[in-house]
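Trainee: Before anything else, here's the structure in question.
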Amino acid sequence: MISVSQNQSLLQHEARLCDDFHKSEVILVQVNPGEAFTIRREDGQFQCITGPAQVPMMSPNGSVPPIYVPPGYVSQVLFFLPVSADSHPQHGRPLFVHRDDRTSKTHERLQKKLKERQGGGGGGCGQVKDSPPSSPQKSCGSPPTTDIHNGVGGKVLETEQQGQLRHTVVSSDKQTAKGKNGESLELDKEAQAMQALLSTISKPEVSDIQARGAVVKWSGPTRPEGESSINVEDKPNPLSYEVSISISGNDGNYQSVHSGEELSATLQDLRPATDYHVRVRALCNCLQGSPSEAASFTTLSCEPDLPNPPRKTSGTKNTLVLQWKVKIKKGSVVLTWNCSYINTRKNKGVPLPPLPPELEVAGVTWLCLKWQRPSSSPKEDDINYVLEMEEDGLGYGFQPSYDGDELTFTVRSLHRSTKYKFRVAAYNSEGKSNPSPVVEFITHPDRPSSPCRPVIRGRVLPHSFKMVWEPPKDDGGAEVTKYVVELSEGLSGVSWGLAYSGSAMDHVCDGLKPGCTYQTRVYCISEGGQSPLSETLQVQTPAVPPGPCQPPRLAGKPKAREVQLRWAPPQVDGGSPVSSYSLEASEPQCEESREVYQGPDMDCSVGGLMPGRTYCFRLKAANKAGFGPLSERCEVTTGPGAPEQCRIPSTTCKSPTCVVVSWESPQCNGAPVTEFRLEWGAVEGSMQVCYSGPAFSHEMKGLLPATSYFCRVQAVNVAGVGPFSDAVHCQTPCSVPAGVSSIYILKEAELRGTRPAPMYSPSTCLGICWDPPCDHGSPITSYLIDLGERQPIVVGPVTKHVIQHLQPDTSYRIRIQALNSLGAGPFSHTFKMKTKPLPPPPPRLECTAFSHQTLRLKWGDGPTKSASSDALQYQLQMGDRNGRFISMYKGPCHIHKVQRLNESTSYTFRIQAFNEAGEGPFSSVYTFTTPRSPPAPVKAPKVERLDDNSCEVTWEALPPMKGDPVIYTLQSMMGNSEFKQAYKGSSTSFHIHNLQPNSDYRFRVCAIRQCQDAPELSGPYSPTVTLSPQRVDATPGGASAAALASRTGAESSRSRQSLTDEQCAFLLLMVFAVIAILIAFVIQYFVIK
């Protein structure tokens, strides 16, 4: 076997076959650089040959060894027939041999013709000098593949250009274009036809073009017309396709990027904004056609790559010149470059080297070091320190262990008993100082680990044993100086004594007691301290087997098949407690015995004996040393036994409710059978005794039809009760169904859930359901419902039914009978059921009172309010804008007030009555309209006296109401007379003249809504305002003072009569705040606490 291996590259090899007509062939395998060729030799060893190399291989039996390549790789071997020096050359082209049926047949035909020519002799020799020199054959190479998936890479293309190889076929020295009989010409035409067919591939199509990839599709080659006469013996091999691209134009260098049998390929790793040309070539085995016409496409642009870090090219005291390398722009021009910097310079000096660090405390795995601040550094300077450490012997140099502003640090995770070198350096924002002188410190050794568990060497004697142990796996970094052995008697481990102390690792413990248990343990001591104790070793000194036991004795009265024996322990235990006893039994006539018991107990029950026989028993005891001798014999005779097990009883069914059981008498074991017991039950595990007596049969009555029963029989004599027989199964025959036990009335909710839902009315229908009775082995086919005087109703095998066309408020007597294939079962008990009365009709709906926001509706002749226990109730619904009705009231009352309505709006209503009989129909739709709303009340007017005989009255204006204008009416009253209209109009003020002096006047205002298609609506009058008379004084000044007092009194009277809106809002806010505080106090005190 020959195997070829390569990492992510195609192994291209050339094979040359030399046939010297002595059944030997030579193959030259060419291995490329960086590849490996593995071959298994005749001795079974594998040899690996790395390239570049040419490996000659010879096949002595004339066959070509198989060459195995990894999956996805191509292996092509070309065979040719050279002409040796002793034979005559042959004319014609070299023969292509492939691994298929067609090439195999061609190879066999050419070999046969070659032998015939070789046998001809002189004809071939005459043409040696006249034969023209052979021309080199065209290369047949497999399409190269790359280690990327349909992509283009710079290194890959260079590798393909430099390392691409071709399979070359070397022919003989001389060859002619046409043979003697013309056979080679026939093969040449066939190859040319195949090559012409491969050259008919069409131009590829490029789609889904991206910045770094595209998809290429093409069609397979088609056979040109006129070439169908070519003789093709076999079906051609599958075609493969090679896709090549070029970035230097249509006539530039094309590089292969894909090879396979599919008709499409995905190109990846392309350059953005680059012009590409792609073409496809078809291949079949070693023949390849001409490339197709090239298709061109341009990839898209994308964002530029990350630029390289800038570097300093030059600079001055205040400037820096930076330069960076520009990468590929990805098909677009770079618009701007963004460069930023950070100033980190501070005007401080570099600190001086500090003193070497000092050791404070040393441990096994840590060292605590401290150092001092440089003396020349100012206190306000922020100085940090770097502690560097080097482990002796490693050669890694100094590595930083700490970086900070502290003057002490504990270095942890160190090795024990190891030398370390330390130095410290100081740095600030200006720079770092030189390190301090190097100092060396050594960690302490650790205590050793516990020694290995001691083991016994040699045999344990009754008075001594030898123990050895291994040193600890971890000595803690210091040599072990002493081992200490401790010994304890017993398993408690309370008292330990010193048995050995020294540097040896073995010890002999002597002076021990036989048959005793000892525990021993070891620990070691070194410079690092005392190790933990090792695992405890338990040693048991050997003991002597115990002495003979006394013969066993009988305990109680012997039974027919079992005897109870007891015994005492031996007088000599051999130094070890007795752990087990062995009891052997044998018959008097038989010398062979068998063990019937082995265990630690001193009594046992021996079973499995035969009744009325004599048995011999012997006993021996055992401890850790083994069993002792057997005791003397003890003879025991068993008593009479109970009868044997009865045979299976037989059953005979006389009727569906009666079965006859019979049985036979078993072996009596020395005592006659006096009684038989029969157990009967429906479950095999829970049967009960139904008969006890001397008879051999019994008749079982009152059984259920189509039911499984089990029975078994037991025999009894004076010795005891025998075992039960095996249970026998009995099946009673089928019968008519049982009677229906109970009938129920279905609720309306259960009827709505049935599919399909029946037309159900509780006044004329009754929905009933019942529990299905036992079918007694035959399925129930139907039910018969008896209604008394009405015709019986027959339904299928269901448990629900709706009886229709009944009279309202009528009682019916109902009973049900089940039927199956064997007949009708009994009727059930009679159940009395009653239909409900008819639902009530809807009442007449009236509107008794109305306003612009409310409607008071009334229906029926009952009281205004009714108790909740009344059977008759009503449901009032109001229509919405979408024509749907919404429930407004549901209850027993006859009056309902609908609120929050709009003025001058029509509303639709309907009503329904319902009771226990059901819901009645809805009434016809009633329409009620709300009236227009009057204007709102006007606030109290303001009166201002102008002179002795006139005044001015003003009031607030109201906005128009839904487009209707608002006018005002002003009334005045002098003294105790009646109010008279003083003004009517749209103005909000009015001057009143001709007032009488020394008289009181009262004024009030109301708003009037002027409706367009309706009479005017007057609102309520405002509060009354009083105008007091003016006092008349002697002086002119007194008159002005009286006028002022009159004006002030009028204003004060108006302020006392009503509060403003702000005052009302503030008053309500204060009331709510007080209530909230009280509620919070109650919750805090009574609930939380």
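Backbone N, Cα and C define each Cβ position, glycine as well.
These came from TrEMBL, pasted as-is:
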- 89-182: region 'Disordered' (REGION)
- 97-118: compositional bias 'Basic and acidic residues' (COMPBIAS)
- 136-148: compositional bias 'Polar residues' (COMPBIAS)
- 159-174: compositional bias 'Polar residues' (COMPBIAS)
- 200-302: domain 'Fibronectin type-III' (DOMAIN)
- 353-446: domain 'Fibronectin type-III' (DOMAIN)
- 447-544: domain 'Fibronectin type-III' (DOMAIN)
- 548-641: domain 'Fibronectin type-III' (DOMAIN)
- 642-735: domain 'Fibronectin type-III' (DOMAIN)
- 752-838: domain 'Fibronectin type-III' (DOMAIN)
- 839-933: domain 'Fibronectin type-III' (DOMAIN)
- 934-1032: domain 'Fibronectin type-III' (DOMAIN)
- 1019-1038: region 'Disordered' (REGION)
- 1065-1088: transmembrane segment (TRANSMEM)
Trainee: Please list the DSSP helix, strand and coil residue counts for the domain 'Fibronectin type-III' (353-446).
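Mentor: So the counts come to 0 helix, 41 strand, 53 coil.
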Trainee: Work out, from DSSP, the number of helix, strand and coil residues along the domain 'Fibronectin type-III' (548-641).
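Mentor: Its residues divide into 0 helix, 39 strand, 55 coil.
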Trainee: With helix taken as DSSP H, G or I, strand as E or B and everything else coil, how many residues of the domain 'Fibronectin type-III' (642-735) land in each class?
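Mentor: For that range the per-state counts are 0 helix, 44 strand, 50 coil.
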Trainee: Compute the average pLDDT of the predicted model within the domain 'Fibronectin type-III' (353-446).
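Mentor: Averaged over the domain 'Fibronectin type-III' (353-446), per-residue pLDDT gives 89.
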Trainee: Pull the DSSP breakdown for the domain 'Fibronectin type-III' (839-933) and write it out as helix, strand, coil residue counts.
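Mentor: Grouping H, G, I as helix and E, B as strand yields 0 helix, 48 strand, 47 coil.
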Trainee: For the domain 'Fibronectin type-III' (447-544), DSSP counts of helix, strand and coil?
Mentor: 0 helix, 43 strand, 55 coil
